[in-house]
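Peer 1: Mind looking over this structure? Questions follow.
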C-alpha cells in the first residue's frame, strides 16, 4: 500500500510539470504472468511473484499504421537508489537477473525505455514514463479479477472466457498473449491493456494471434 501511495504522489507531482504531446494513438500496458515467463526452471534469477508484473508500456499507432520502436536516440539514465528505484523493483521486476545485477545495470528498464519509452517523448519524459506505467498497473488487480471468474493458477480456460473476465474491469478488449510450452500446451503469458495517450480512458487493443483467438482454444494459467 505504501509503495502504491508513493507512486501516485510522485505521478501527480511530476506530471504537473510538463504535459506536452507525443506522436502516438494509444499505448498498451503489457503485464507478464511470471510463472509462465520463468518456465522452464532456471530461466529466472528472481523468485517469480504470484502476481502480474510489468513488461512494458508500449505506445503505438492505430492498426495498419505501423509499430513504434526506437523513436529517438535519447539515452536511458539509470535510476539511483531511492523511492522510484524501490517501486520499480516491486512493480517491474527484472526476473531474468539477480536483484543486485538488475539494480546495478537496469537492463530490462533500459531496454524498454530505449525501445518503447522514447516513442512517448516529448509527452512523457523518462521518469514520467516509468511512473505512468506503475500507476496504470495499480488501476487493475487482474489476478483477483481472474479468480473472481473461476480462472485460477493451474487451470485451463477458453480464450473467450479469459478475455471476457478481463473486460469486466477494462470495458475494452484486452490483448492476450500466449506461449506454447514443451508439451504443446498454450499458456497465458501476458495481458495487454490499452489506454489513450492521455491515459485518462481505456482503448481497444489491437489483437495478437499467439493465443489463436479464432479457434478459442483452452489456455493454461500456469501454477
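Keep in mind that glycine also has a Cβ here, set from the backbone N, Cα and C atoms.
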Peer 1: Where Swiss-Prot shows 94, 95, 115, 116 binding RNA, which of 55, 157 is named for the same site?
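Peer 2: Candidate listed by Swiss-Prot for the same site: 55.
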Peer 1: Quick check: in three-state DSSP terms, what is residue 95 (RNA binding site)?
Peer 2: coil
Peer 1: Restricting to the chain of residue 94 (RNA binding site) and a gap of 6 or more, list residues whose Cβ falls under 8 Å of its Cβ, or answer none.
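Peer 2: The list for residue 94 (RNA binding site) reads 46, 102, 106, 107, 108, 109, given in order along the sequence.
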Peer 1: Could you tell me which three-state DSSP class residue 116 (RNA binding site) falls into?
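Peer 2: DSSP call for residue 116 (RNA binding site): coil, neither helix nor strand.
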Peer 1: Count the other Cβ atoms sitting within 10 Å of the Cβ of residue 55 (RNA binding site), across every protein chain shown.
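Peer 2: Counting Cβ neighbours of residue 55 (RNA binding site) within 10 Å gives 23.
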